[in-house]
Amino acid sequence: MSNVNTLSALAKSGALSGKRVFIRADLNVPFDDAGRISEDTRIRASVPGIRLALDAGAAVMVTSHLGRPKEGALTEADSLAPVAQRLSELLGMQVRLVPDWVDGVSVEPGEVVLLENCRGNVGEKKDDEGLSRKMAALCDVYVNDAFGTAHRAEATTHGIARFAPVACAGPLLEAELEALGRALHDPKRSLVAIVGGSKVSTKLSILQSLADKVDQLVVGGGIANTFMLAAGLPIGKSLAEPEQVEQARAVIEIMKRRGAEVPIPTDVVCAKSFGADAAATVKAAADVAEDDMILDIGPQTAQRLADILKAAGTIVWNGPVGVFEFDQFAHGTEVVARAIADSAGFSIAGGGDTLAAIAKYGIADQTGYISTGGGAFLEFLEGKALPAVAVLQARAA
């Protein structure tokens, strides 16, 4: 999978000494109402790549997008200034913020500068060739260390990589590609995928793509309700998409023909209303009443999934199986999370809700790999080529 040049290999060979290195990181972090960084995982994740280049004697430029500013019109709220400050603390050295950097940056070997929000540059999102060439002229080596934006062809993720003298993957991107390759290109069997979420329509292409590859396709959340409808089960007033039932049936059929299966819940946790104080009732799947809402899988189904997961060779996890924000509907997701933690198989997890579940149950250390990319992770699961990765592969060929 990872047939790309890597920053680690260049650093090892001594090729970075005295060179100008341009790192595209993903520093798109959330802020609280007071304008302070509320969660800095992405900034911390960027440090190893920056250190690698620094220690190899390079002059280092780092940039990232932050939010969705209007091109050519950055406001104070769009500035990477707080990120520069946090990066300075993490690196133990001053990281200067450079505005208006496209036409030239002064940076010395052993120094790190942060180039202001790249989405402020006119032409960034359209992958403009003129802008890409200007940015490529700033460096000797371009490094992409931002898996979270790998599915977007933009000037700092794609265009610059076409024209920079050398283009490579940073350690974060390298690890991500390796883990994803291990999970989908050459997986240890059995391969189990968990796809949760509210809508079949938004994840249909992923479900179809996985139906050709996996041994067990576990569906959760609103998606599972649509699959229950497809299996002829009552779902009351649960969230579902009746218009997607045919597509769900087709996925079940593809799996069946391959001797694989979509385990349909045999029991569920219902409530008459949706909320933190809703009373939870466990019912057999066939007994769901017209005014019931299914908000979690039942204990019998959860145990069956746990058995499947514990025996798995590889697990791909995207999405919870119930409304785990409310404790009375969290049991299914907790059982699944703990089974993944206890499984001897290799697990890879991605997507915002999934990361929240991993944090809630404290199983980060027992998850094989936690993907930093939301949309990029999903597009990879769909089997789509990621433009930022494809260009690095082309440059390495």
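Cβ coordinates come from backbone N, Cα and C, glycine included.
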Residue among Arg96, Arg133, Arg152 sharing the substrate site, where Swiss-Prot lists Asp26, Leu27, Asn28, Arg42, His65, Leu66, Gly67, Arg68, Arg119 as binders: Arg152
Least Cβ-crowded entry, counting other Cβ within 10 Å, from the binding-site residues listed as Asp26, Glu325: Glu325
ATP site span - longest C-alpha distance across Lys203, Glu325, Gly351, Gly352, Asp353, Thr354, in Å: 21
Count of other CB atoms lying within 10 Å of the CB belonging to Asp353 (ATP binding site): 18
Alpha-carbon spacing, Asn28 (substrate binding site) to Glu325 (ATP binding site), which is rounded to whole Å: 25
Distance [Cα-Cα, Å, rounded] between Thr354 (ATP binding site) and Arg119 (substrate binding site): 28
